[in-house]
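Worksheet for the structure shown next.
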Amino acid sequence: MAQRIFTLILLLCSTSVFAGLFDAPGRSQFVPADQAFAFDFQQNQHDLNLTWQIKDGYYLYRKQIRITPEHAKIADVQLPQGVWHEDEFYGKSEIYRDRLTLPVTINQASAGATLTVTYQGCADAGFCYPPETKTVPLSEVVANNAASQPVSVSQQEQHTAQLPFSALWALLIGIGIAFTPCVLPMYPLISGIVLGGKQRLSTARALLLTFIYVQGMALTYTALGLVVAAAGLQFQAALQHPYVLIGLAIVFTLLAMSMFGLFTLQLPSSLQTRLTLMSNRQQGGSPGGVFVMGAIAGLICSPCTTAPLSAILLYIAQSGNMWLGGGTLYLYALGMGLPLMLITVFGNRLLPKSGPWMEQVKTAFGFVILALPVFLLERVIGDVWGLRLWSALGVAFFGWAFITSLQAKRGWMRVVQIILLAAALVSVRPLQDWAFGATHTAQTQTHLNFTQIKTVDELNQALVEAKGKPVMLDLYADWCVACKEFEKYTFSDPQVQKALADTVLLQANVTANDAQDVALLKHLNVLGLPTILFFDGQGQEHPQARVTGFMDAETFSAHLRDRQP
């Protein structure tokens with residue numbers, strides 16, 4: 001008896017193994033979207049948690065997650081940072097694996113309110129699912145101030161995280177501005193004024209007076225930062241409008257042009273004269289007088305400081321964050337004041353000699369300011385064109401730095417020149433792909449002549465019009481990476497084209513994922529893309545010939561020989 005049971009188990013196992021060995025290579029090995037991305041939610045008054053349990057080997061796109069309330073008001077949703085994923089057609093994208101928990105704060109929800117959640121993911125094997133939409137019913141929530149209070153903090157943190165550099169960069173910018181031709185030569189004079197012309201002060205006393213002067217200057221800048229941040233907070237939504245972003249980008253570009261010497265930005269000379277006379281009336285050498293001198297000095301903008309200061313102020317207005325606004329301008333003023341403190345304590349011997357290098361520092365800050373328009377325009381024009389703008393800026397900066405370095409005569413500068421030249425060559429790569437890769441891609445995508453269909457009725461009509469010929473239906477979408485790989489690498493192959501010469505070629509573009517697309521995918525029982533279906537001369541599909549997932553030209557050609565009806 002035991003021997004019979006053992007024999008039966010062995011036969012069952014053998015059947016399973018052989019079934020796996022001879023399984024159709026094109027047959028779908030992928031699970032439905034609800035199993036790949038198990039979605040759930042839980043609400044507790046104002047707090048709603050959305051969770052996705054992501055199956056191993058699958059991932060969700062961060063940028064494809066959208067939440068739309070109906071008869072409800074929610075706080076801005078802050079998506080957590082994902083991990084970077086890169087492919088040939090879409091570049092770098094942030095994705096989520098394993099598990100995603102997304103907290104949503106509900107400020108107010110009426111009876112019958114809902115939340116529409118849209119998301120999309122793919123499998124590592126190259127299989128992508130259409131966007132999934134779930135409707136989350138919400139319990140009634142009454143608006144109150146306590147629930148809305150954390151919203152501004154979260155929103156500020158979100159905008160802060162999206163900005164291109166941290167406030168600590170302001171300290172480095174301030175130090176760099178100190179070495180421009182408009183500022184550095186003034187430091188010995190300012191030092192003498194701060195000390196009141198007294199040459200025999202102790203080091204501690206001199207350091208204290210200079211520190212007080214810098215704090216007075218920093219106070220002016222900090223107050224300015226707080227005012228601009230408060231104004232930005234009131235108009236935060238407007239500051240994200242494409243037209244406003246384009247306008248700000250133009251302003252930043254003009255500020256950068258002033259750093260390149262095309263024109264001069266500064267306060268009117270009459271106002272500068274009044275502020276200077278007011279500062280000169282203060283008594284140098286006394287803490288109170290020195291503090292007032294510093295505060296007034298913060299209002300006197302030289303041509304070298306106006307553009308960077310304006311850029312930082314616009315940066316702060318974008319953030320709408322009060323802490324960031326005050327802190328950034330304080331660190332900026334502190335950076336400008338550090339060289340002054342060193343000169344006051346140690347004397348002019350620490351000052352580098354004036355020369356053309358100071359103009360080069362000013363020009364370098366022009367390139368730094370140019371990075372801000374690129375950052376703003378990237379939100380409007382998209383990642384692809386944004387990368388090209390970054391590429392152009394990188395080529396311009398490294399090219400300028402390389403040409404400037406050719407004037408140096410020291411041997412070690414040759415190493416720097418090689419590094420700068422290599423950086424310029426690396427930066428130009430996205431522009432090369434744009435200039436020389438687009439035409440080739442367009443050509444390869446026209447090799448197969450597909451007839452486009454949209455609905456189930458159009459598919460049935462096309463099958464009738466095939467008049468006994470075999471039919472291949474390619475389901476395509478712009479968000480499907482493997483679909484683009486099929487077009488570029490597989491459908492362009494001469495062997496594949498030859499094998500499909502007598503086949504009617506149909507293609508359904510389901511990028512929009514509208515009602516007609518959903519109905520077509522449901523009718524064909526398609527889980528995701530890429531999926532290629534084969535029909536015989538009678539219009540009947542051969543399920544065993546169905547292809548899911550990417551195949552290279554050689555594998556697909558073999559599949560056509562073995563499977564095509």
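Using the three backbone atoms N, Cα and C, a Cβ is placed for every residue, glycine included.
Note that this is a predicted model, so its numbers are computed, not measured.
Which of 323-343, 407-427 counts as transmembrane segment depends on Swiss-Prot, and there it is 323-343.
Looking at which of 208-228, 243-263, 357-377, 384-404 has the most CB pairs under 8 Å to the transmembrane segment (323-343), the answer is the stretch 208-228. Neighbours of Cys483 (disulfide bond), defined as other CB atoms within 10 A of its CB across all chains, total 26.
Sparsest Cβ environment among the disulfide-bonded residues Cys122, Cys128, Cys480 (other Cβ atoms counted within 10 Å): Cys128. Residues in the domain 'Thioredoxin' (434-565) partition by DSSP class (helix H, G, I; strand E, B; coil) as 60 helix, 24 strand, 48 coil. Over the domain 'Thioredoxin' (434-565), the average per-residue pLDDT in this prediction is 87.
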